[in-house]
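Each remark here refers to the structure printed beneath this line.
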Amino acid sequence: MIIKPRVRGFMCVTTHPVGCEANVKQQIDYVKSFGAIDNGPKNVLILGASTGYGLASRIVSAFGSGAKTLGVFFEREGTADKPGTPGWYNSAAFHKFAEAEGLYAKSINGDAFSDEIKQKTIDAIKQDLGKVDLVIYSLAAPRRTNPKTGITHNSTLKPIGKDLVQNGIDTDKEVIKSFTLPAATQEEIDNTVAVMGGEDWQMWIDALAEAGVLAEGAKTTAYTYLGEKITWDIYWDGTIGAAKKDLDKRVIDIRSKLVALGGDARVSVLKAVVTQASAAIPVMPLYLALLFKTMKAEGTHEGCIEQVNGLFRDSLYGANPILDDTGRLRADLKELQPQVQDKVTALWEQINNDNINELSDFAGYKHEFLKLFGFEVDGVDYDAEVNPEAPIANLL
Ligand SMILES: NC(=O)c1ccc[n+]([C@@H]2O[C@H](COP(=O)([O-])OP(=O)(O)OC[C@H]3O[C@@H](n4cnc5c(N)ncnc54)[C@H](O)[C@@H]3O)[C@@H](O)[C@H]2O)c1
């Protein structure tokens with residue numbers, strides 16, 4: 001079939017397999033251009049391995065460190081007349097390129113929050129890898145069923161303690177509009193913490209430790225975002241921030257478990273980028289469009305692969321990790337530079353429908369968004385017939 005983008009709000013309901021493969025190839029080439037990571041990981045489990053920061057972590061592990069990777073994700077396969085999700089095609093492409101270089105790669109498609117998928121993962125580690133020395137926690141999900149209680153929690157993206165009125169971009173109509181978000185209820189806050197907080201990360205590490213599949217010196221990290229004043233109402237001080245603060249609490253226990261093995265656990269702070277998860281956060285598309293404009297002008301613009309490549313080389317496996325005073329690893333400092341945040345804030349105050357393309361890089365935002373789904377990728381012929389059925393080699 002011939003596949004064109006069909007955008008609905010913060011989703012694109014079609015995906016281009018060839019474009020996704022080209023995206024993965026670009027990321028692999030980028031990582032390879034830095035050479036091998038000294039003393040990098042050997043056996044890596046990536047939770048949320050198919051898109052965004054988790055996919056980048058898988059690529060850096062495999063192609064920057066020669067690691068065997070086991071990836072867990074929740075994606076939909078394509079059929080003869082309906083394309084699958086981007087993460088499906090990214091993973092099919094990752095497996096193809098890994099296999100071509102003789103790199104071990106296996107994947108599990110299912111609900112990482114469930115006991116069943118945790119057990120399946122442990123069985124695969126025991127059978128193929130023995131133990132893992134790095135666990136990346138990069139899940140971003142709208143809901144989670146807690147396997148212990150059977151309760152399904154839905155996350156919300158709302159401010160806490162006060163209603164929020166802030167300008168953003170209506171990405172469908174491409175106009176600036178004022179968004180009003182009511183303050184979250186305590187139940188909404190608790191549910192968001194249950195989905196995006198650290199409980200499941202802790203359950204994973206407990207299960208892996210109990211099964212004896214964490215190697216001596218094993219490390220784990222979960223990804224977070226802090227941002228600055230301009231995003232705090234919706235992010236750090238909102239429901240999602242409450243969940244991220246839970247990671248900061250739970251990492252202490254997780255770290256003590258890993259320190260006993262000579263390892264370590266850290267929350268890693270990454271910059272704001274366009275992913276399926278961030279596109280869903282109200283006001284974020286405008287922030288990203290203004291941030292891109294500002295950071296591109298500064299020559300400091302980065303996407304997922306640049307961020308994670310830097311995180312591995314500088315901090316996770318670097319001699320001098322970039323740590324903050326609460327012990328988080330930091331890869332986001334260029335975004336938080338005062339001149340960047342001041343510029344974004346000033347532009348935010350001036351933006352309107354007449355100057356949207358002049359003051360912001362909304363074009364760059366839209367391009368990045370479509371690229372997530374395999375569109376607008378250089379060198380891909382979008383008028384050519386493409387097969388939406390793409391098997392993932394070594395899917396367990
Ligand atoms: N996007 C940003 O700007 C940004 C910035 C800093 C930190 N982060 C954090 O990085 C992490 C990853 O986010 P992302 O933006 O890369 O998201 P993403 O939407 O690109 O990726 C989410 C991943 O989780 C997987 N997943 C979702 N539900 C699942 C389930 N039930 N079982 C198994 N897999 C499941 C998906 O398949 C996918 O691989 C999140 O913790 C996010 O908060 C994101």
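Glycine is no exception: its Cβ is also placed from the backbone N, Cα and C atoms.
Residues or ranges marked as active site, proton donor in TrEMBL: Tyr235. Among the features that TrEMBL reports, NAD(+) binding site is placed at 48-53, 74-75, 111-112, 139-140, Lys244, 273-275. Here TrEMBL flags Tyr225 as substrate binding site. Marked as domain 'Trans-2-enoyl-CoA reductase-like NAD(P)H binding' by TrEMBL: 2-79. The domain 'Trans-2-enoyl-CoA reductase catalytic' annotation in TrEMBL covers 82-317. According to TrEMBL, the feature domain 'Enoyl reductase FAD binding' maps to 323-386. Sequence annotations record features per position, and here TrEMBL assigns site 'Plays an important role in discriminating NADH against NADPH' to Glu75.
The structure, with features from TrEMBL marked on it.
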| residue | record | contacts (Cβ under 8 Å, 6+ apart) |
| --- | --- | --- |
| Gly48 | NAD(+) binding site | Gly54, Val72, Phe73, Ala112, Ile136, Tyr137, Ser138, Leu139, Ala140 |
| Ser50 | NAD(+) binding site | Gly71, Phe73, Glu75, Pro86, Gly87, Trp88, Asn90, Ser91, Ser107 |
| Gly52 | NAD(+) binding site | Ser138, Ala140, Val273, Thr275, Gln276, Ala277, Cys304 |
| Phe74 | NAD(+) binding site | Gly87, Asn109, Gly110, Asp111, Ala112, Ala141 |
| Tyr225 | substrate binding site | Tyr235, Trp236, Lys244, Val269, Leu270, Lys271, Ala272, Asp332 |
| Val274 | NAD(+) binding site | Leu288, Gly303, Tyr365, Glu368, Phe369, Leu372 |
The domain 'Trans-2-enoyl-CoA reductase-like NAD(P)H binding' (2-79): DSSP-derived helix, strand, coil residue counts: 30 helix, 16 strand, 32 coil
Surrounding CB atoms that lie within 10 Å of the CB of Asp111 (NAD(+) binding site), all protein chains: 16
Counts by DSSP class (helix H/G/I, strand E/B, coil) across the domain 'Enoyl reductase FAD binding' (323-386): 32 helix, 3 strand, 29 coil
Collapsed DSSP category at Lys244 (NAD(+) binding site): helix
Listed recorded positions with Cβ under 6 Å from ligand 1, out of Tyr235, Lys244, Val274: none
Other CB atoms, at most 10 A from the CB of Glu75 (site 'Plays an important role in discriminating NADH against NADPH'): 21
Leu139 (NAD(+) binding site), number of other Cβ atoms within 10 Å: 23
The domain 'Enoyl reductase FAD binding' (323-386) [mean pLDDT, rounded to integer]: 96
